[in-house]
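In Swiss-Prot this protein carries:
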DOMAIN    6-238  domain 'ABC transporter'
BINDING   G40, A41, S42, G43, S44, G45, K46, S47  ATP binding site
Amino acid sequence: MTNPIIAFKNVSKVFEDSNTVVLKDINFELEEGKFYTLLGASGSGKSTILNIIAGLLEASTGDIYLDGKRINDVPTNKRDVHTVFQNYALFPHMTVFENVAFPLKLKKMDKKEIQKRVQETLKMVRLEGFEKRAIQKLSGGQRQRVAIARAIINQPKVVLLDEPLSALDLKLRTEMQYELRELQQRLGITFVFVTHDQEEALAMSDWIFVMNEGEIVQSGTPVDIYDEPINHFVATFIGESNILSGKMIEDYLVEFNGKRFEAVDGGMRPNESVQVVIRPEDLQITLPDEGKLQVKVDTQLFRGVHYEIIAYDDLGNEWMIHSTRKAIEGEVIGLDFTPEDIHIMRLNETEEEFDARIEEYVDTDDHEDGLINAIEEERNEENL
């Protein structure tokens with residue numbers, strides 16, 4: 001990567017009064033014009049990173065760079081970034097226009113230019129005609145748009161978003177995901193988004209940093225992280241997973257549940273203990289004698305687009321299955337899956353070791369042919 005817009009080099013943060021370590025040797029580089037997400041549970045350190053970028057907190061050790069310049073000692077108001085907070089931090093006594101225009105007035109910009117810039121920005125966030133509206137009379141989604149408009153009106157190099165969608169209802173939150181992503185792509189400004197919501201991260205991001213206990217556990221594209229989680233924490237934090245103990249017999253051959261199965265992973269020691277991950281949506285229900293494994297249905301819930309079925313095998317392992325077909329509690333069913341559906345996780349593998357192994361042994365060709373080409377390829381394979 002050339003000329004990262006933001007870089008952290010060996011950054012840590014310790015709150016001295018409580019001797020609490022909240023960030024541990026954080027290193028990353030962010031490319032200009034991308035949508036990045038810091039994803040983690042409460043207390044993982046994600047908001048601390050955001051506040052350090054903004055200048056609201058100082059790093060205990062390490063260096064922070066913005067567009068190639070070290071900014072550790074640069075005050076907040078001198079950094080070319082803008083933060084959208086969870087509560088939006090709007091001025092309740094001001095109108096929509098006055099809120100959005102506020103950063104420009106601080107720069108003592110010409111009134112005509114302010115008028116032009118505010119109108120252009122409100123159009124971008126679909127708030128034309130709301131200039132005179134009082135903040136108290138806006139819906140949650142409209143307040144969100146005002147906060148974003150104020151953040152982008154100065155055309156900062158980076159926009160920081162600290163869980164800005166968490167207060168919205170589900171439908172509005174989903175709509176705002178589309179709007180935020182589309183706006184970021186149209187503006188070409190780097191967005192750094194903080195959330196604990198895995199679905200938000202997967203839906204909007206170019207690149208995700210998964211955080212846990214002050215460390216970046218794994219980073220990658222949404223597809224990479226979902227399909228190839230590095231460890232048990234990531235596999236369970238990002239989506240639902242069936243995780244079993246297993247043994248890697250050799251490259252591309254794994255043993256679990258007392259049986260051996262073809263896999264697509266390699267680069268491990270013969271007979272190395274591993275964990276096996278199969279996603280619920282990758283399990284196909286078949287007749288018992290046609291499945292690779294047999295399980296007994298225990299319970300099920302209807303989730304709208306699928307049934308979530310809980311079943312157990314003869315060894316007592318719990319299996320979650322997503323199926324459009326309804327099961328019968330107590331019946332024995334077969335489970336089928338392909339080698340590509342099996343993901344192998346080594347124990348205590350670092351991200352550097354993981355990335356090197358994945359690059360060498362796993363087919364990560366993520367070229368995008370589109371839906372039509374994909375359908376045509378499937379039909380051609382069926383006709384062979």
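Placed from the backbone N, Cα and C atoms, the Cβ positions cover glycine too.
Taken together, the residues of the domain 'ABC transporter' (6-238) have an average pLDDT of 92. Of the chain residues outside the ATP site list G40, A41, S42, G43, S44, G45, K46, S47, T48, H196, M211, N212 have their Cβ within 8 Å of the site's Cβ mean position. Taking Cβ-Cβ distances under 8 Å and a sequence separation of 6 or more, the neighbours of G40 (ATP binding site) in its chain are K46, H196, V210, M211, N212. The Cβ neighbour count for K46 (ATP binding site), using a 10 Å radius and every protein chain shown, is 28.
Within 10 Å of the C-beta atom of S42 (ATP binding site) sit 7 other C-beta atoms, taking all shown protein chains into account. Fewest Cβ neighbours within 10 Å among the binding-site residues G43, G45: that distinction goes to G43. With a cut-off of 8 Å between CB atoms and residues at least 6 apart in sequence, the same chain places L38, D162, E163, V194 near S47 (ATP binding site), listed in sequence order. Mapped onto three states, the DSSP output places A41 (ATP binding site) in coil. Among the binding-site residues A41, S44, the residue whose Cβ has the fewest other Cβ atoms within 10 Å is A41.
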